[in-house]
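Undergrad: This is the structure I want to talk about, given as structure tokens.
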Amino acid sequence: MIRVLFVCLGNICRSPMAEFIMKKEIEERGIAASFEVASAGTSDEEEGNPVYPPARAELSRRGIDCSGKRARKIARADCAHFDYILCMEDWHVRSVLRLCGEKEKEKVHRLSDYTDRPHDIADPWYTRDFAAAYGDIRAGVAAFLDNLQEKTSHT
Ligand code: 4NP
């Protein structure tokens with residue numbers, strides 16, 4: 001079982017988009033049974049709230065349902081539980097490392113660092129460009145899975 005946690009600030013836009021894009025992608029690749037996928041925020045500002053409607057609409061346009069998701073803040077227990085903690089921005093990586101400690105450094109990455117265009121995934125809460133967020137996140141998820149499948153095919 002490979003356990004993956006996506007992290008952003010509020011857990012109502014980017015990280016839930018990543019969670020549900022990933023769930024669809026592993027379903028399509030026929031590898032869903034090997035994964036546990038979840039998401040959380042570095043802040044508790046949106047705790048308990050559903051996915052932000054424009055983010056939900058962006059997923060829905062792609063046939064992805066995220067209706068049961070409620071925002072939660074990352075907890076210390078997540079550090080040991082998850083194998084990969086994939087963050088939207090570099091400062092989320094730094095927050096997660098502060099929470100989890102340097103010993104978990106190997107599992108904490110910025111999602112887009114798996115692509116050939118490493119960058120912070122812009123917050124659509126501010127940019128209002130949910131389609132761009134979707135594209136960036138989808139590219140990151142696909143690159144992460146390609147990387148993982150390449151690694152496991154050589155072991
Ligand atoms: P997210 O977006 O980190 O992608 O979930 C945000 C959601 C809420 C806020 C900021 C960003 N906020 O300031 O409440």
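Each Cβ is built from the backbone N, Cα and C atoms, and glycine gets one as well.
Curation plays no part in TrEMBL annotations; they are all automatic predictions.
Straight out of TrEMBL:
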DOMAIN    2-147  domain 'Phosphotyrosine protein phosphatase I'
ACT_SITE  CYS8  active site, nucleophile
ACT_SITE  ARG14  active site
ACT_SITE  ASP123  active site, proton donor
Undergrad: What residues, ordered by sequence, lie under 8 A Cβ-to-Cβ from the residue listed as 'active site' and sit at least six positions away in the same chain?
TA: PHE6, CYS8, ALA55, MET88, ILE121, ASP123, PRO124, ALA133, ILE137
Undergrad: Could you give the number of helix, strand and coil residues in the domain 'Phosphotyrosine protein phosphatase I' (2-147) as assigned by DSSP?
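TA: Here the numbers are 76 helix, 22 strand, 48 coil.
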Undergrad: Within the domain 'Phosphotyrosine protein phosphatase I' (2-147) only, compute the mean pLDDT.
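TA: Residues in the domain 'Phosphotyrosine protein phosphatase I' (2-147) carry a mean pLDDT of 98 in this prediction.
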